[in-house]
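Novice: One structure, pasted below without further comment.
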Amino acid sequence: MSRGARRAGAGQGAAAAVQLLVTLSFLPSVVEAQVTGVLDDCLCDIDSIDNFNTFKIFPKIKKLQERDYFRYYKVNLKRPCPFWAEDGHCSIKDCHVEPCPESKIPVGIKAGSSTKYLKVANSTKELEDCEQANKLGAVNSTLSNQSKEAFIDWARYDDSQDHFCELDGESFYTWLEGLCLEKRVFYKLISGLHASINLHLCANYLLEETWGKPSWGPNMKEFKRRFDPVETKGEGPRRLKNLYFLYLIELRALSKVAPYFERSIVDLYTGNVEEDADTKTLLLNIFQDTKSFPMHFDEKSMFAGDKKGAKSLKEEFRLHFKNISRIMDCVGCDKCRLWGKLQTQGLGTALKILFSEKEIQKLPENSPSKGFQLTRQEIVALLNAFGRLSTSIRELQNFKVLLQHSR
């Protein structure tokens, strides 16, 4: 097997792990036959999202991700897979993640405190307890027995496969549309995350390695295999539309959480006073852009039924998201595992924000809030996850250009 194929295979583990959650919860993919037009379950067209992302969001979010506050993320990559004992880690050096030496970590992040940013949300202990936290923004350390059995069955019979779930005709979509909005949304979010991972694999593919010098770049053949309408039997465009839907959900969360960061008490503290001020200014500027988007997803349509049913569905959402991170512990590529955990926590944090609108509206200006709080870990995951989606959509535009030139 070529090194390029092995590199792709390592990344496919993360995509397969996300695919599994669909199997464990609401199952395979949704949308129309071309990546154009209006998205389901919201009144937003794809061209508007492309233009908004390209000219407003993408340049700024990339710049924000380069700031020290958002460059350091605490994660445990050594958790054992709960399903098999052998070492399935990727042997390719490019799959490894080098831990940050303590000497290179900014003093404000290493100390875990700040005179302005809420200590309870920036403390080292809370970061250490993050994976054990009982909330949507946290990631999980346990799986139900039912989920373990489903995962083992999947691993036994589908381990050699590297594609999305196969569907049984249009009957699946008839079934899916019959579900309540909340369950359709959950499926689309996971499908969108799956599509984002696959887009990154296609855009940054190990094409060849000559004399120890790897050549990375877009792989058109791989892109077509995963997203072309003909090769995927119409599934590719559905997956890409779910990517746009996921982007809208996280975009909406950023617009909703802006008041939390606009308070003077919140400072993105690293110890470098000048850079910290610039980082917050840039972040607030991004929030202003997110507010200006005219076609946001209306999250009020979710959980709008009786309170008991809504509470049950929210708990179901929380439990499903808690399961993903533990599944990621079975991914061999460390980089894929890292990004999988970060994007999962970022999406969980976005949902936590959308479910906390009343608490955010009641935030005090100059004192900590007991009703709504974000840890530094959640903030870093939220913005980096959205940055990853913004990059995915930008990369999709590049592939469209390459496809036009190839014809």
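Backbone N, Cα and C define each Cβ position, glycine as well.
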Novice: Please work out, from what TrEMBL records, which of Cys330, Cys333 forms the disulfide with Cys336.
Specialist: Cys333
Novice: Say you check the Cα of Cys336 (active site) against those of the recorded positions Cys95, Ser191, Arg226; which is nearest?
Specialist: Cys95
Novice: Taking only the Cα atoms, work out how far Cys95 (disulfide bond) lies from Cys333 (active site, nucleophile), in Å, as a whole number.
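Specialist: Cys95 (disulfide bond) to Cys333 (active site, nucleophile), Cα-Cα distance: 5 Å.
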Novice: Note down the number of other Cβ atoms within 10 Å of the Cβ of Ser191 (FAD binding site), including every protein chain shown.
Specialist: 31
Novice: Relative to the Cα of Cys333 (active site, nucleophile), which of the binding-site residues Ser191, His194, Arg226 has the closest Cα?
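Specialist: Result for Cys333 (active site, nucleophile): the nearest of the binding-site residues is His194.
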